[in-house]
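Only one structure is covered here, and it is reproduced in the block below.
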Amino acid sequence: MNSTTCNSTLTWPASVNNFFIIYSALLLVLGLLLNSVALWVFCYRMHQWTETRIYMTNLAVADLCLLCSLPFVLYSLKYSSSDTPVCQLSQGIYLANRYMSISLVTAIAVDRYVAVRHPLRARELRSPRQAAAVCVALWVIVVTSLVVRWRLGMQEGGFCFSSQTRRNFSTTAFSLLGFYLPLAIVVFCSLQVVTVLSRRPAADVGQAEATQKATHMVWANLAVFVICFLPLHVVLTVQVSLNLNTCAARDTFSRALSITGKLSDTNCCLDAICYYYMAREFQEASKPATSSNTPHKSQDSQILSLT
């Protein structure tokens, strides 16, 4: 069947549409609120720029940018079937910050791995300046790859989601490479950290509890990463691997992409929630100011408060 005869606009039952509207509204409100508070704490309430603080500040910025672009992306998906400037700009910001978020989570996992697995070399391998350089490099790589993806997309039928009559192989390859490589790194680093922590002898009950909490946090971070992003990229992998010759098949995968894409957006809220548990200094800084004169003690979550 000719692809031009297929309806590119997804139609959902009224109840599903209402659920999506409520879901998107809650996601926007909670995500903007949580990440704005997190960014305020990182910028104004913390006393020292650690590696953790630099990575998480960039992560909060990426999540906020994605959330701000989300209403325009949803509008263009529903009401526009061509590559308008608004569509290209909003979806470009959306995609850039999705994969920037993935890249930053990967950088945090590597930083944590270095701190725990190679503590003697951590001082020369880790520093706030190096963390800032990594963030700048990641922004440049992500934005550059998005520009290349945009040019390839325009050559192959369209950059915007709604204008693509088929899934462009080269542009999808950017998405798959931008996830599966970070996934392998995050899984490796997380397993290494958990292994080291499980073998580390505890000096007392307090340290044993701290080790257990740190291990749980590593597993939780890995679970959030996999649950939010893996379903979307599995659907992309299947879609690019199959020859979708019928409108029904394309419609099915378009619905799967829509649902898994919304699932991936929840990462913006979950990232903000993880801030409160990953960094003890974030918990201290987010408390109301007191009259205590005790000096601030910086805690780096990447060492998981165990070194």
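For all residues, glycine too, the Cβ spot is worked out from N, Cα and C.
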From the list N7, N168, pick out the residue that Swiss-Prot labels N-linked glycosylation site. N7
Identify the topological domain of Q48 and of P119 in Swiss-Prot, and say whether both name the same side of the membrane. yes
For the transmembrane segment (130-150), sequence-distant contacts whose Cβ falls under 8 Å of one of its Cβ atoms, 6 or more beyond its ends: 51, 54-55, 58, 88, 92, 95-96, 99-100, 103-104, 107, 111, 159, 170-171, 174, 178
Across every protein chain in view, the count of C-beta atoms other than its own within 10 A of the C-beta of C87 (disulfide bond) is 24
Do the transmembrane segment (89-110) and the transmembrane segment (218-238) share at least 3 Cβ pairs under 8 Å, sequence separation 6 or more? yes
Which residues, given as numbers and ranges, are at least 6 beyond the ends of the transmembrane segment (258-278) yet have a Cβ under 8 Å from it? 10, 20, 23-24, 27, 30-31, 34-35, 37-38, 52, 56, 59-60, 63, 66-67, 70, 98, 101, 105, 217, 220-221, 224-225, 227-229, 231-232, 234-235, 286, 301
